[in-house]
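Participant: Quick one: the structure is below, and I'll ask about it shortly.
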C-alpha cells in the first residue's frame with residue numbers, strides 16, 4: 001500500500017471567524033506503483049488533499065499512512081522529514097518552489113537536503129535537467145530568467161532528482177506547449193513504470209484518461225468517487241452532473257456508437273479507439289464476404 005487515508009478532515013483557520021472545512025471524512029487507498037488522477041471543479045479540495053501527502057498540511061482529524069509512515073494532527077517536524085524524502089510535490093505555480101541563484105543549484109537542493117553527496121547530487125541534477133528537456137547551457141542561469149514553461153521544467157527536475165517513491169504533480173503541464181506536455185507526461189509515465197507512484201491533479205480529462213489508471217473525484221471537500229477513469233467516463237450522466245469535461249475520445253466514441261459501432265468497453269486513448277474501430281470494420285467486412 002502506498003497511501004491510505006482514514007476518516008480525514010481538514011479545517012482551515014479553526015476557531016476563527018474564517019474557519020472553513022477543506023476536507024470532510026476522506027477515506028481511500030492508493031496502491032504502490034499506480035498512476036492516480038485527482039479531479040474536481042475549482043475549490044473542490046484537490047490541492048488541499050495533495051498537500052496532506054507530504055505533511056505540508058496535517059489532518060485536523062483522522063489518520064494517514066504514506067509509504068509506511070504515519071501522519072496525524074500531532075506528527076512532529078522530525079517525522080515529516082522522513083516522509084518528505086519519500087514524497088515529492090510539484091506545486092501548481094513553479095515560482096513558489098524555486099529560490100536558488102542558478103538552475104543547477106536549485107535542482108541539486110533536493111538531493112543534498114536528503115543526504116546525497118555533492119557529486120551524486122550534481123549527477124542527479126544534470127541527468128534530470130536533461131530529461132525534462134532543458135539544455136546544459138541553462139544550468140548556470142537564474143531560474144527566474146526563464147519562461148514560465150522552463151521554470152515548470154526546473155521545478156519538476158528539482159523534485160525528480162532525488163527520485164521519491166511518490167511523485168505528486170499539481171497541474172504539471174500548465175504553461176507548456178502541446179509537444180512539451182506530451183513529453184512531460186511520457187516522463188511521468190516512465191517514472192511509474194519504474195515502480196514509483198504518480199499522483200496528478202489536472203483539469204484536463206484527456207490527460208487523465210490517457211495516463212491515469214485510478215481516479216479520485218472531489219466535490220466541496222468530499223470524496224464522491226474513487227474508480228478507474230474508464231468506469232467514471234463511461235457514465236456520461238454522472239460526469240455531466242459533477243461538472244467534469246468528457247475526454248475527446250469519449251465524445252468521439254459516443255458519436256461512433258450513434259453510427260452503429262459497438263464497443264465492449266470505453267476506449268480512453270485515440271490509439272485504443274482506432275484499434276477498436278479497425279476491429280469492428282474487419283468484423284463487418286468478414287460478415288459481408
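Cβ atoms are placed via backbone N, Cα and C, with glycine included.
Not measured: the values here are computed from a predicted model.
What Swiss-Prot records for this protein is below:
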- 40, 41, 42, 43, 44, 45, 46, 47: ATP binding site (BINDING)
- 3-245: domain 'ABC transporter' (DOMAIN)
Participant: Let me make sure I understand the structure: which of the binding-site residues listed (40, 43, 45) has the fewest other Cβ atoms within 10 A of its Cβ?
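Facilitator: Checked 40, 43, 45; of these binding-site residues, fewest Cβ neighbours within 10 Å: 43.
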Participant: Compute the average pLDDT of the predicted model within the domain 'ABC transporter' (3-245).
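Facilitator: Computed over the domain 'ABC transporter' (3-245), the mean pLDDT is 95 on the 0 to 100 scale.
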Participant: If you count Cβ atoms within 10 Å of each one, which of the binding-site residues 42, 44, 47 comes out on top?
Facilitator: 44
Participant: Just name the winner among 41, 46 (the binding-site residues) by count of other CB atoms within 10 A of its CB.
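Facilitator: Neighbour-count leader: 46.
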Participant: An 8 Å radius from the center of the 40, 41, 42, 43, 44, 45, 46, 47 Cβ atoms defines the neighbourhood of the ATP site; name the other residues of that chain inside it, in order.
Facilitator: 218, 219
